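Chemist: First the structure, which I've put down as structure tokens, then a few questions once you've had a look.
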Amino acid sequence: MKLYKGLVAATVEALQHIFVKNRQADRVVEQLLKTNKKWGARDRAFIAGNTYEIVRWWRLVKFAADIEKVSEPEEFWKIVGVWQIIKPLHLHTEDDGQLPEWPEFEDINAENVLVRYEEGLTVRKIAQSVPDWIDAIGEAELGDDWDAELAALNQQAPVVIRVNTLKSNVAAVKEVFGEDGATEITGIPDALVLKKRQNILNHDAFKQGFFEVQDAGSQLIAPYLDIHPGLSVIDACAGAGGKTLHIASLLQNEGSILAMDIEHHKLLELEKRAGRNGVQNLQTMMISSDKLFEALAGTADRLLLDVPCSGLGVLRRNPDSKWKLKPQFLEEIKKVQWHILKHYSQMVKPGGKMVYATCSVLPSESEDQVKRFMKANKREWKFISAHRTSVAKDGTDGFYMALMQKK
Ligand SMILES: C[S@@+](CC[C@H](N)C(=O)[O-])C[C@H]1O[C@@H](n2cnc3c(N)ncnc32)[C@H](O)[C@@H]1O
């Protein structure tokens, strides 16, 4: 595609917001695209596509550009220019890799860029664009599987939706997307994967609550909790409610859901989404103190602990998080996960079930936490099963889920 200065400038602006102002990539792109109504679909696709690609391949592009630290506007221009040179090789696109003769690209030498690009490909952490510490921890925890998982985490994720069975069904939603527009996924009954990337949030069927956007791996978690209509379910780390809404759909408005979180704005968003989805049996509750869990002890037939984690299983969707994540955060969040398992589990009734879930590929946030919990609580709890989705093998995001039952 021919390069237009206005579009390259917009990409530069987006990258500055992400890397200098430390803002979240999806919000930056969304806001930027709103600012210029004259941009057409191709312009928008250029800005969003290039911004995400550069964020995903940031370390490799910097290496090819021979820039250690990118902070000044002219350095961001150089990065965007260098990406145009290596993109056809790296993503097998039909772009010609030629740069226009703009002063901003004056000191880019395409031959040198290509030599450094090839050199970068020989070192995994550069080729796969991850910070040293993430590469080291991935190898230490996943061993030989890390190579394939890491490569898969750098691929663009498909757009997957979950049909809301409170309001519609798979056949009807499939029809909305036209013949061959959406296909079913074996083993995930309410999921459809869309053939074409499109702005589905503007779709009438979405506004009417007929479906939600939710990765196929994520759609395995609520059913793992063995939900039937009539049960009382607590979703203790509900956030904006991706899985709460799935639980609601499985409950068919019979029984109850209590959705909790420590962040009020997420619960407000959940309430809005629940209204659109036709959920009638939801209550939300802000967690203000651990005393709450004593008051709710023994009240839940089912408890979902979709705990906060590194997010290292969902890098396909949030590539910027690998640059923002810090080792100290990982250590701190493991303590929070343990605290949640230890204290929140008391809300389950005898005979009731609990799922502990993460969107991390790391066993230290997942399998190891559950093993520790089971070791400390084997008299009160029975381990039933666990499942892990592999980004490389299953093509979903990387989730872990473990099912336990209170004796
Ligand atoms: C993985 S996200 C949940 C995603 C959500 N379940 C969904 O499917 O969309 C983890 C959530 O845990 C919340 N959280 C963090 N610390 C918490 C705590 N101590 N107790 C409960 N929730 C917490 C975060 O605000 C975040 O919304």
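Every residue, even glycine, has its Cβ placed from backbone N, Cα and C.
Bear in mind that TrEMBL entries carry predicted annotations, made automatically and left uncurated.
Sharing the features that TrEMBL gives for it:
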- CYS359: active site, nucleophile (ACT_SITE)
- ASP261, ASP290, ASP306: S-adenosyl-L-methionine binding site (BINDING)
- 149-407: domain 'SAM-dependent MTase RsmB/NOP-type' (DOMAIN)
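Buried or exposed, and what's around them? Tell me for each listed feature.
Modeler: Annotation note: CYS359 (active site, nucleophile) sits in a coil segment as assigned by DSSP. Proximity of CYS359 (active site, nucleophile) to non-local residues of its own chain (separation of 6 or more, Cβ distance below 8 Å) is seen for SER218, CYS309, GLY311, LEU312, GLY313, VAL314, ASP397, GLY398, PHE399, given in sequence order.
Same-chain residues at least 6 positions away in sequence with a Cβ under 8 Å from that of ASP306 (S-adenosyl-L-methionine binding site) are, in sequence order, ILE221, ASP235, CYS237, ALA238, GLY239, LYS243, ALA357, THR358.
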Chemist: If you count other Cβ atoms within 10 Å of each one's Cβ, which of the binding-site residues ASP261, ASP290 has the most?
Modeler: ASP261
